[in-house]
Every structure is written in structure tokens, then in C-alpha cells.
Amino acid sequence: MNIILMGLPGAGKGTQAERIVKEFDIPHISTGDMFRAAVKNETPLGLEAKSYMDKGHLVPDEVVIGIVRERLSMDDCAKGFLLDGFPRTVPQAEALTATVKELGREIDHVININVQREQLIERLTGRWICPVCGASYHTMFNPPKEAGVCDKDGGKLYQREDDKIEVVTQRLDVNIAQTQPLIDYYSAQELLRDIDGEQDIQVVFAEIKSLLRG
């Protein structure tokens, strides 16, 4: 079972990825992990990727695809895989389709965990941290007893720069613009399945499981 998992920041993709790979006994393959492993193992493609990254340049698609191909060729992918964070563009998606085909396989499912923009903003801007003890709170999921104050030591909670609404909104809008062409691409291939990510975590996973077993 070969799966691509899509979802914007805050959609709960990481949580569902963990559950899927455990349920179906397939490896969770993220681009970050792939790159780190290739660089650490000093594979020719890993070293080539590192030379671009060291200069602050984007790694060319052909190198990225080469690293993906190496990873998908490993023994632990024999029963399938879950790809997370790749592809990011339509050319990468086309190259991935060709690569998987060359390996005698195909992409079976593309799952998009769908959450409305306003809900994502609320999720992503809800984290507040205590400067004294480092405790983390969330206004939606784990609020302090008194707003803005740490339960443990009374420290005044603060918000990281990355969690502020201006930064979150900009990051989300960039992601939405990048993701839409991929959604269109996989929709046209009749591979894409939208899952409502605004439901309870257990319900989201139950729907994904039902889809994959169907």
C-alpha cells in the first residue's frame, strides 16, 4: 500500500501519519528524514544535496527524486510506504509517478486532511509558553486555568514569534498556494481523497483506516 499524505500545517498530519504506519506496518517517509539519512550515510546523492544546502540553494528536483527513489527501493518499503512532505510541486508529482512505476508499483492513495483556514490559524496561534518553567499551553486543547498565567508557577505566558498571527497567516497562505496545484493534479487522476480534519482525532483516523481498507 503506497500512500501520499497531504495536509496544511496544523491539520494534524503528523498525528495521523504515526497511526497509519503503525496500523499498516509501513515506513513513514518524510523528506527531512530522507535528506538527513542520505547526507549522514554520505551517499553520492546525499553529498550532492548537501553541496546545494550548504550554499543555501534549493536542491534540484532530479537530486530529490534520486534520493526518493533510493529510499523507496529499500527492503522496508516492500509492503508499501507513507510519503509525507513530498511531492511539493506538480513536476515532482509527475517524476514520482514515473519513479514508482519504474519500481513496478503505483501510488494507491493520496489522502488530504482538510481543515478550513480559519480553524488552522486558531490551532497554530493557540500555543503559549511559560518563560519560567517552559510549560506549554494551548488555548483550544490545553488552556491554563487563568488566561495568560502558568498553572505551575504563575509565570506570564508568552507567544513565540513563529506562532504569532501575522507569521502563521503568511506561512499558511504560501502553503495553500503551493498545495492547490497538487490537489488539482491528484484529483484529475482520481486518486485524491479529502478527509475532514476538523473532527476528533479518533474519528479522522477511523475514516482514513476505512478508506485504506476499502
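Cβ coordinates are placed from backbone N, Cα and C, and glycine is handled just like the others.
Straight from Swiss-Prot, the features:
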- GLY10, ALA11, GLY12, LYS13, GLY14, THR15, ARG127, SER136, TYR137, GLN199: ATP binding site (BINDING)
- THR31, ARG36, HIS57, LEU58, VAL59, GLY85, PHE86, PRO87, ARG88, GLN92, ARG160, ARG171: AMP binding site (BINDING)
- CYS130, CYS133, CYS150, ASP153: Zn(2+) binding site (BINDING)
- 30-59: region 'NMP' (REGION)
- 126-163: region 'LID' (REGION)
TYR137 (ATP binding site) and ARG160 (AMP binding site), distance between Cα atoms, whole Å: 12
Site with most surrounding Cβ atoms, counting all protein chains shown within 10 Å, from the binding-site residues HIS57, ARG127, ARG160: ARG127
Closest of CYS133, TYR137, ASP153 to THR31 (AMP binding site), Cα positions, binding-site residues only: TYR137
Per-residue Cβ crowding (10 Å cut-off), top of binding-site residues GLY10, GLY12, GLY14: GLY10
Other CB atoms, at most 10 A from the CB of CYS130 (Zn(2+) binding site): 20
Number of Cβ atoms other than its own within 10 Å, given for PHE86 (AMP binding site): 20
Distance in Å spanning the most remote Cα pair of GLY10, ALA11, GLY12, LYS13, GLY14, THR15, ARG127, SER136, TYR137, GLN199, given for ATP: 23
